[in-house]
Amino acid sequence: MMVLICVLLLTSLCAHITVHGVTGSPLSAFVTVANSGPTHPMDNPDWVPPTGPTREKDREYWQASGQARLRRQLEHSRHNLNVAKNVIIFLGDGLSIPTLAATRVYMGGEELELSFETFPHTGLAKTYCINYQVSDSSCTAAAILTGVKNNYGTIGVSGHVPLMNCPLSLQESNRLTSILKYAQEDGRSTGIVTNTRITHATPAVAYAVSGARYWEDDTELPPGCEDIASQLIHGDIGTNLTVALGGGSRHFYPTGTSDSNGEPGRRTDGRNLVNDWIQLTTARDLRAQFVHDRTGLLAVQPERVDRLFGLFSGNHMSYRMLADQQREPSLTEMTLKALEILERNDRGFVLLVEGGRIDHAHHDNLAKLALDETVELHRAVEHTVQHLGEKVQETLLLVTADHSHTLTIGGYPVRGNDILSTGDFSRIDRMPFFTLTYANGPSYSDHFYETGGRRNPDDMRNRYHDPDFTYPAAVPYEDETHGGDDVAVFAQGPWAHIFSGLYEQHVIGHGLMYAACLGPDTYQQSDACRDRLRGGTSKPIQAVKHLLVMLVLFAYLPKHSFYNM
């Protein structure tokens with residue numbers, strides 16, 4: 001009996017599994033035995049720990065920088081309680097917090113700050129839809145632009161409207177009102193700038209109402225509803241937009257025709273909506289201009305234009321790194337031209353600027369392009385602040401994301417390591433791995449063998465910096481998904497301090513309207529708003545000063561009269 005047991009034990013111990021040519025126990029399918037290949041650098045007895053920047057080794061550096069930042073924080077405690085005459089909403093589509101951190105390194109250093117990261121007030125917003133833990137761009141845009149959360153995939157309608165339901169979207173009680181509508185009713189100019197299709201989910205919420213984000217033109221539209229492109233031209237908000245710039249011309253031209261860049265149209269109703277826009281603005285005696293390329297946009301003279309409409313691509317505009325920059329304007333150029341026109345209105349303006357291609361790059365696991373598109377958003381904000389000059393004091397600038405993505409920054413890469421490269425080494429499969437990885441996406445097969453196990457990143461070194469290089473995804477998926485984590489909110493200007501803290505995403509919409517004195521009469525209003533409505537100063541501090549002067553005069557006059565009797 002003992003002999004039989006020993007034989008069985010010996011058989012069990014010898015029943016090893018071979019993985020990548022290495023014999024081991026069943027555990028070796030995951031754990032490779034020693035001396036089978038490269039080892040982690042730290043396992044080398046001659047390994048020397050990495051060293052940080054020389055100046056950062058001194059405690060005095062951290063003490064001085066800490067005190068400098070503290071002074072800056074104390075300065076931020078002085079709140080601007082004026083009316084936000086202008087509101088500019090910068091929305092980085094898919095701009096997750098890891099994307100921000102990775103972009104800093106991509107720009108040249110972990111310690112760098114993006115232009116909007118210097119804003120005095122920062123918060124966190126929860127991004128779920130009312131029916132999904134992980135949101136899309138339409139329900140999150142509704143939260144930001146209307147102050148109401150709703151269902152995944154729906155445009156400008158309440159949660160009573162399920163996705164793809166046309167009849168319920170037509171009911172007035174289910175329709176939401178965006179901040180752009182309130183601004184127009186207040187006599188302010190409004191504008192939309194995006195590098196996606198201008199009929200895409202985020203910009204559509206600003207001016208349209210639809211049971212589905214997919215009804216950008218009439219090709220799949222149910223009877224009785226109006227497509228999103230048509231609402232931009234003929235809708236209540238769309239007809240009163242001062243500026244609208246972006247891509248997506250295919251949704252405005254009929255099939256069988258092409259736009260000014262030779263891109264085919266998709267409309268089946270035979271309508272040319274660009275011609276409609278030109279005819280409508282002409283009938284209203286508005287000086288209107290339609291542009292289709294960078295040359296045309298830069299040639300626009302703001303003082304001679306009342307309405308500006310630009311469509312620069314049949315689909316989304318190109319990634320900035322891959323664009324024909326002589327033909328397609330940048331997000332920064334579109335934003336600055338919009339500002340030149342909008343700021344002519346003494347009443348003020350509301351502008352939505354979307355850096356939308358961050359999201360698309362993430363969906364394809366194209367991390368480099370996502371980071372580069374974030375840099376473009378950074379530039380747009382930076383140049384906007386410079387352009388505003390002294391007007392920045394009366395302008396609320398808010399930068400946020402609609403939702404996050406599944407990008408992570410992992411391992412233990414040394415300081416200054418190329419963010420696009422490998423940054424650490426796995427002792428398990430004895431290969432380096434990328435600092436940037438995704439939880440899911442179409443790149444799975446680019447980094448994993450069909451039979452299991454990772455492909456060696458060392459074999460890909462000559463491709464790391466290619467724009468079309470995909471980063472690893474742990475789960476195969478046709479299109480990398482959004483993430484459900486909170487997103488950052490950065491604010492500067494009047495009432496920017498109310499965007500601090502952690503809150504539901506729709507609170508952003510209410511904060512924007514409060515700061516700008518917009519929205520229904522039932523909404524909260526500041527003293528500055530009430531004074532503005534009376535035609536007085538928009539500065540509550542000045543109003544208090546005037547009151548104090550009056551009180552002093554009333555106290556002084558009786559005494560003065562008595563002594564003169």
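Each Cβ is built from the backbone N, Cα and C atoms, and glycine gets one as well.
Positions annotated as active site, phosphoserine intermediate by TrEMBL: Ser137. For Asp93, Asp359, His363, Asp402, His403, His482, the entry in TrEMBL reads Zn(2+) binding site. Residues or ranges marked as Mg(2+) binding site in TrEMBL: Asp93, His200, Thr202, Glu354. Among the features that TrEMBL reports, signal peptide is placed at 1-24.
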**Study point:** For the Zn(2+) site built from Asp93, Asp359, His363, Asp402, His403, His482, further residues of that chain with CB within 8 A of the site's CB center
**Key:** Gly94, Asp136, Ser137, Ile358, His362, Ala401, Ser404, His405
Point to revise | Residues that sit under 8 angstroms from Ser137 (active site, phosphoserine intermediate) by C-beta distance, when 6+ apart in the chain | key: Asp93, His200, Ala201, Thr202, Arg213, Asp359, Asp402, His403
Review point. Near His363 (Zn(2+) binding site), which residues of its own chain have a C-beta under 8 A away, given they sit six or more steps off in sequence?
Key: Gly94, His405, Gly441, Asp479, Glu480
**Study point:** Glu354 (Mg(2+) binding site) to His482 (Zn(2+) binding site) - Cα separation in whole Å
**Key:** 17
Practice item. List the same-chain residues at least 6 positions away in sequence whose Cβ sits under 8 Å from the Cβ of His482 (Zn(2+) binding site), in sequence order, or say none. Key: Gly94, Val134, Ser135, Asp136, His403, Ser404, His405, Thr406
Practice item. Taking the Cβ of Asp359 (Zn(2+) binding site) as the centre, count every other Cβ atom within 10 Å, in any protein chain shown. Key: 28
Point to revise | Other CB atoms, at most 10 A from the CB of Asp93 (Zn(2+) binding site) | key: 28
Practice item. Quick one: give me the count of other CB atoms within 10 A of the CB of Glu354 (Mg(2+) binding site). Key: 29
Check your understanding: How many other Cβ atoms are found within 10 Å of the Cβ atom of His200 (Mg(2+) binding site), counting all protein chains shown?
Key -> 28
